[in-house]
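Taken from TrEMBL as is:
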DOMAIN    1-32  domain 'YDG'
DOMAIN    103-163  domain 'Pre-SET'
DOMAIN    166-296  domain 'SET'
DOMAIN    310-326  domain 'Post-SET'
Amino acid sequence: MGYVYDGLYIVSNYWTATGPYGKLVFMFQLNKILGQLELAPSLASSSIKSKVHSERCMVDDISQGREKMHIRAMNAIDDEKPPPFNYITSMIYLKFDNLITPSGCNCIKGCSDSKPCFCLIKNGGEIPFNKNGAILEQKAMVYECGPSCKCPPSCENRVSQHGVRYQLEIFKTESRGWGVRSRKPISSGSFICEYAGELLDDKEAEERTGYDEYLFDIGKDNGSDNQDGDKLVDDNGFAIDAARFGNIGRFVNHSCLPNLYAQDVLYDHDDKRMPHVMLFAAEDIPPLQELTYDYNYTMGQVLDGNGDIKKKNCYCGASDCTGRMY
């Protein structure tokens, strides 16, 4: 975008107003200082050498109606559309069809901290969410009510299993491919989306190494996310592959100063080795700010096909960016 210097101004008045998203906005009245040279209209028009692309909607809904709200793909950089994939709203377990449904609670009217509840006991004696559906704190594991529970879908302990609730969209970034943002403000603790894909054991995940860019390791270190599909030194456990089958979570970028975090959640089975990976807001997030989480790589952890350590630069732009993703 080009800019033209138009002289010095004095702030003669200011006030506050409510902006289009309900936020407080400061408004200013500016008066130009007299005696300055005026920029000729012809010079002003010729001095702007803008290469700005007007942002366009490349895809009206990448979920193809599978989410409650349309998820647009916006691009102000070029004419590229997002890469093709199969949109899903829940995990694909493939070879893991023997998962046992956990025992449920008997809270017909919904779970409450004031009543004895099997699910609350698993969560340490309290519902991990407030009445607005915001998570109270990050925990090693959150147990939501599941298919065997007698509580209704509106139960306070059923949050992440209901899918995307915010008006999310993906957008083309300048240096990090596609990213995710919300058109509306997000409150701290709010559920954003699941990282959905195919659940693989390590052996099958290794067979896809080298070309899969969307592996999320949920083995011993549930926070490790292998977005380049390279082999991890510690390959115990399982991985979520969102390359061919995935949801909007596959587009959320890494940041050294993230505004989201990944939370392990169980509700439809009790196998702690393969939890659902749910993304929650770590802070209040204004509209159109990119949503990011920390991939939690360990330096020297990612190897190429020959067993050599790989390096990848980080372009998150955070003030305390390490400069390296791994």
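Glycine too: its Cβ is placed from the backbone N, Cα and C atoms.
Automatic prediction, not curation, is the source of TrEMBL annotations.
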Secondary structure tally of the domain 'Post-SET' (310-326) (DSSP, helix then strand then coil): 0 helix, 2 strand, 15 coil
Residues in the domain 'SET' (166-296) grouped by DSSP into helix, strand and remaining coil: 10 helix, 52 strand, 69 coil
Secondary structure content, the domain 'Pre-SET' (103-163) (per DSSP, counts of residues): 8 helix, 4 strand, 49 coil
